[in-house]
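*Asks:* Pasting the relevant annotations from TrEMBL:
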type	residues	note
TRANSMEM	200-219	transmembrane segment
TRANSMEM	270-289	transmembrane segment
TRANSMEM	335-354	transmembrane segment
TRANSMEM	361-388	transmembrane segment
TRANSMEM	394-416	transmembrane segment
TRANSMEM	437-461	transmembrane segment
TRANSMEM	467-492	transmembrane segment
Amino acid sequence: MVLKVFFPSCCSSADSGILIGRWISEQNSAVILAVVHFPFIPVQVKQYLGEVQRVTNVNVSVLGSWSNSKQEKEESLSEFLEDLGTIFCHEPWIQISKEGDSKFWSCSTLQKHSQNPQEEEIILVYYDQRKVMLSHLHPPLDTAGQRAEDASKLSAIFDTVARSQVLFMTDRYDEGPIKLTHWQSDGVEASIIVELLKQASVPACMLLTLLFSLLSGICRSRVLKFWPLSFLWSKLSTCEQLGHRLQHLQVISSNKKAENQNQLMRKANIFVSLLIDVALGILLMSWLYRKNRIGHLADTLIPVADHVAEELQDLLQWLMGAPAGLKMNRALDQVLGRFFLYHIHLWISYIHLLSPFIEMILWYVGLSACLGLTVALCVLSDIIALLTFHIYCFYVYGARLYCLKIYGLSSLWRLFRGKKWNVLRQRVDSCSYDLDQLFIGTLLFTILLFLLPTTALYYLVFTLLRLLVVIVQGLIHLLVDLIDSLPLYSLILRLCRSYRLAAGVKFRVLEQQDGKPLRLLMQINPLSYRGVVQTYRLPTYSCYPRDSWASLCKKLFLGELIYPWKHKGDKQN
């Protein structure tokens, strides 16, 4: 038989005493939880262990003795510790003692009440009690009736340490008759601070919950469901981001206790993400309002808009001529060119009409950065969408005209082959046409075919301009999604306290000699950074279309509209 003894490394410098822990008979293992210092009264120790067992439902008992030879050299103490096996009556009785100046300890067992004592092979496993306690590799603590008794897993070890929190509340500075050494023997970590934060967080969470419930009620009211407001709320990315952050605030301000580790980590990630987002937004706002940068930005915006309009006018004049030596349909080319030039003229007039108010608008818009950097980026995306609205109109006009001709040519091509599209059955069926229908179809097909290059050129140019705007907006929204979804708290925890995000355990051999116990060190194996991001990534409000290159080329060829992103509930044409 192989006896496995799990000994906490924090007890290596403890005074001589007895070992208390849990005996797992299915695994033939002993989990040492603490050392009770000498002197003590056995009756009081039994009463204390009975109270701990009643509260934690863990069968805690005295498993053996611990002797620190550096501090106590009298043989009488060692003999007394051996005789304690007759008082507490545990088989086998484990004896661990320090081997002089060596950094390792000797481990042996006594079987006084056994008729046929057998020599057992001992494996002494050292573990960090603090890391095992906080690693969350144990089963959920709310399943009190379900024990981790599977001999093929280490979950029983972690479960034993996790359920023994009451035992760790007693330290060596208590005035009681029992002095313990464990991972919190120097005092419970941050107990006063944690309790004060808990007491202060309850009324704050109730107030925030009431406030955010009022805001969410206003957002869900019927006033926002009328056409103008509902259209703006669904199309402006700023409104979508504000609604997304409002949901985050409701989650972290809820007074409902997290049911498991994943919910707790989600709340912590949302809180840190909001904190960093607001801090970056305040830094951006402080930079904008220094040295009159808002005024300089407003003075630069009008010349840039005029320069873009002039470049578009030059581009249209080039298209109205012979672009790249191509032979265009002059009548259609002139009509389309003048139509788009008139729109540019309207756009320039609109920009100059707003020029006296641009600095004031930017001053008030800059205040939105106090809500977070992501809100400021969404405002920037909406401003870009408004400033390039004429390019979007050009793209829609060109796409619709090109799409109309493509579908017209495809329908007339089926007419030549004696086919037609069956709308009810969604398929192509055979059909017989009259001579007049074929003659008119031939004329229309010829007209559309010779007008297609001119329309396709305008569509191609404005599609490239639209794609440029889409790429800029897409990069902004990728940055917003990165800030919204990145689990910053989990990454910081992985960097500073990697054992809190454990993926498993690994064992390292410390010493292996004949005639001595095999000594192993159990270490926590943390999650990788990629695993942390995949496990604790937060959901975002926008979903980017994951179109393949073939699908994108098909949309461009058929003239379908391309959007940089689509919100929940929106349908892509």
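If you go along the chain as it appears here, the first residue is 1 and each next one adds 1.
Backbone N, Cα and C atoms are what each Cβ position is placed from, and that goes for glycine too.
Automated prediction, rather than curation, is the source of TrEMBL annotations.
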*Asks:* Assess whether the transmembrane segment (361-388) lies in contact with the transmembrane segment (467-492), where contact requires at least three Cβ pairs under 8 Å among residues 6 or more apart in sequence.
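*Replies:* Stretch pair touches.
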*Asks:* Among the recorded stretches 335-354, 437-461, 467-492, which has the greatest number of Cβ pairs closer than 8 Å to the transmembrane segment (394-416)?
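*Replies:* The stretch with the most contacts is 437-461.
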*Asks:* If we call contact 3 or more Cβ pairs under 8 Å (sequence gap 6 or more), are the transmembrane segment (270-289) and the transmembrane segment (437-461) touching?
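*Replies:* Result for the transmembrane segment (270-289) with the transmembrane segment (437-461) is no.
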